[in-house]
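See below for the structure under consideration.
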Amino acid sequence: MRPKSWGWISMSERLEGKRVRIKAKGKIFEGIVMPSFTGNFVLKLDNGYNVGFKEYELLEVLEVEPFEPHLPELVKREGLPDVKIISTGGTIASKVDYRTGAVTSQFTAEEIASEVPELTEICNVDAELLYNILSENMKPENWIELARHVYKALKDHEGVIITHGTDTMHFSAAALSFMLSTPKPVVFVGAQRSSDRPSSDAAMNLLCAAKAATEDIGEVVVCMHGSTSDDYCLVHRGVKVRKNHTSRRDAFQSVNAKPIGRIDYPSLSVEWLSWRYRRGERELKLTDRLERKVVLIKFFPGLSSDILEYYHSKGYRGFVIEGTGLGHVSTDWIDTLRRVCEDSVVVMTSQCLWGRVCDRVYDTGRDILRAGVIEGEDMLPEVALIKLMWLLGNYSIEEAKEMVKKSVAGEIEPTTQY
């Protein structure tokens, strides 16, 4: 007998989180009832897809109570390295709450092992939920707190994994690259597709990140899908990586540098592709002050230099400019740049991203250099911004002007390959 609607609350609301069987167009469907605001059923099928049905198509409720998964008891395995996983948000090791439809963090070590049991074959997991925020809400204060937690974790773990939303993961990776000198791997990882979707990259990325966290690496890296298939992940230096696509699973790319390594899946075999800081090569050190009054300005045709005057009048000490081509702005900017450079640090980067800034080719570029602007070499604009925040937080203006030209964490390659 088909159930009837219960009072003013729709039947779909009453059955949220329950497993039901529905008949539609001569076929039988089973799944979990998801939230719906239309009065119809939205069913999460076992294959991960959501399908909508009318209430009258319901045949029966299969479970009265929501399914409660059994969480395995974790036993520390001798011979495996201890790895700390710090969550800041994102979709890695998260689950769908079938009552609300939201993806929620499930972040005890037992919950992670339940979702990605293969992790226990790679390392002993110790998990900590530091934040559960969207990555666009990350602020410099969060970077500092995160760096301090990682610094502490590195003292008694062989590596650290940081799960992070993908939109600003490259900002956070760059920030920790400058604030932390690390003798062990610090691996950022995220997911482009939420863990309830059949195309989710969450589990594979996490397994590859765990492998990276146990390898011969001594720096901050990002580990994400290397292609749109589930065949390998790439390990990118934290100061040379950028998210270059809104939704593709291989959105993260190394810019002006090769990836550090490739981790094949499911074998988890590692191939090193370029130079890297090795495990134990550097001493553990934390330098965590950041100057907030640094700004990134994207030049476009017709943009007035008044924007420089505005920030300068507000006490800003650092300016990163995304110029055109080789690193140019309008000649109208030259006089303002000269005044700003007297007591501030101004770094020129390129909107092109790939390639190297060179302001010695055209007259405008030479005028920019004579005004006191510093070429940003092959640094990404976001990396130059964070580097300048770090330098001005820990050094004088004159020291920062000299140090910004030098590679601190591998952010400047000695040559550019064409």
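Just so you know, glycine gets a Cβ as well, placed from its N, Cα and C.
As the structure is a computational prediction, the values presented were derived from the model and not from experiment.
Feature annotation from Swiss-Prot assigns active site to Thr91 (among others).
According to Swiss-Prot, the active site annotation covers Thr166 (among others), on the basis of sequence analysis. Counting Cβ atoms from all protein chains shown, Thr166 (active site) has 24 others lying within 10 Å of its own Cβ.
Within its own chain, Asp167 (active site) has Leu134, Ser135, Glu136, Lys243 as residues 6 or more apart in sequence whose C-beta sits under 8 angstroms from its own. According to Swiss-Prot, the active site annotation covers Asp167 (among others).
Marked as active site by Swiss-Prot on the basis of sequence analysis: Lys243 (among others).
Swiss-Prot lists 81-407 with the feature domain 'Asparaginase/glutaminase', giving sequence analysis as the kind of evidence.
Looking only at the domain 'Asparaginase/glutaminase' (81-407), the predicted model's pLDDT averages out at 93.
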